[in-house]
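Colleague: My structure is below; once you've seen it, I'll send some questions.
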Amino acid sequence: MPRPAPSVASTARALRPGGATRRAFDNSNPILRRPAPPDESRQLYHSSSRTISNRAVFQAPTPVFAGAQREFVSCRNVQRGNFSTSQRRCRAFKTVQEADSRHRGGGPFSWKAGLIFIITGACLSIYFQAEKARMERKRIAEHTKGVGKPKVGGPFNLIDTNGKPFTHENLKGKYSLIYFGFTHCPDICPDELDKMATMYDLVKQNMGNVIRPVFISADPARDTPQVLRTYLDEFHPEFIGLTGEYEEVKATCKAYRVYFSTPEGVKPGQDYLVDHSIYFYLMDPEGDFVEVLGRNFTAEQAAKVIMDHIKDWKGPLDKN
Amino acid sequence: MGWLPSWLGGSGGESKPTPQVTSDGGVQAPNRRDRARCWEARDAYFKCLDKHNILDSMGPGAADAKAKCPVEDTEFEKNCASSWVKYFREWRVAEYKKQERLRMIEAENAKAQAQR
């Protein structure tokens, strides 16, 4: 005994394009939006209207997935003829829900595939950007390492705030952040030294004791060890202050490409200013120049640049 | 005159500061408090110059500036080393020119943008 044929009403439900399929291929979704149905599909609904009285069928010809259309077509054709004989062939997609679930799982643009695609893309993009930034830092850091490259920095022979000799050798083992200035500086140096203190604290907090903050005076006539110590203590007691003989200071400034305009042989009572470059110099633990940081950096930004360089460092690093 | 910065030698008025020489032969720099005091006097002086539409307080403009802002001028000279006073006066003119140039460039950019 064959199963009873589906009623006209249920067929109409199955064929109604605004049923479950509308949810799956909603026009409001830009990814799934499809062009208006071609005349062919419109024709399809019209022909079916002869057997199905429900007007909703051709009232709203919402575009449906091409595959689903085909399934409905085959169903419709046989149903139009003889219900009792066509019933078996039509059973595979008896309802919209069935057809819908079939296509929802098997389509080439499922939401899972889309999600994986987006996540993979995002991961790759983040990775490449991080790698690009790393290579850029490496390029900057190794710029002066090669042969025949312009060197910034180099040997110097100065004295620290205790009056003890301090040379380029004393900078090795740790990174160093060097600033040139003079204690009688009217406005820029004090601001920059406050910034330097913040930078130093941030780096020390995050990376440990791996960097030396160094202030080199470009005005040796007035900036003696005692003057430097009193001055620097106001910014950070751990700042290293360097000064020395006029010729030694001049040579140091030249090695670091710092503009040096200090007049020679000034008397203690004289009141004058010194022009100097206003950059922070970052040097690596081997004493090689890494990068300059200008006034355009905030303390936080500069600290980040420094920490990124330190993280890239593969050689030995003194943390004591 | 105990409130005066140490490097002024405690002497007020028109007399120029006597820098304090340290035992190792250096010259003590103004400390944080001295700097703050100088900057404050400078800002008050510049505000007064702004009010009277005076840009350059050196050269020919010096007499006018002194006449219009006598109190501020004296305080400025008293609280800042003379090299600083000169530096800040020059800085005021240079900064104005710089801002003017920036404004011009921006106006040109805006015009070019509008024509496009």
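Glycine too: its Cβ is placed from the backbone N, Cα and C atoms.
From a predicted model like this one, the values you see are computed outputs, not experimental measurements.
Just lifted these from TrEMBL, have a look:
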- A:1-48: region 'Disordered' (REGION)
- A:Cys185-A:Cys189: disulfide bond (DISULFID)
- A:Cys185, A:Cys189, A:His276: Cu cation binding site (BINDING)
Colleague: Work out how many Å separate A:Cys185 (disulfide bond) and A:His276 (Cu cation binding site) at their Cα atoms, rounded off.
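Modeller: Given the Cα positions, A:Cys185 (disulfide bond) is 10 Å from A:His276 (Cu cation binding site).
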Colleague: Between the Cα atoms of A:His276 (Cu cation binding site) and A:Cys189 (disulfide bond), find the distance and write it as a whole number of Å.
Modeller: 10
Colleague: My understanding is the cutoff is Cβ-Cβ under 8 Å with a sequence separation of 6 or more in the same chain; which residues meet that for A:Cys189 (disulfide bond)?
Modeller: A:Tyr179, A:Gly181, A:Phe182, A:Ile278
Colleague: Other residues near the Cu cation site, CB within 8 A of the CB centroid of A:Cys185, A:Cys189, A:His276?
Modeller: A:Phe180, A:Gly181, A:Phe182, A:Ile188, A:Glu192, A:Ala218, A:Val274, A:Ile278
Colleague: Would you mind checking how many other C-beta atoms are within 10 angstroms of the C-beta on A:Cys185 (disulfide bond)?
Modeller: 24
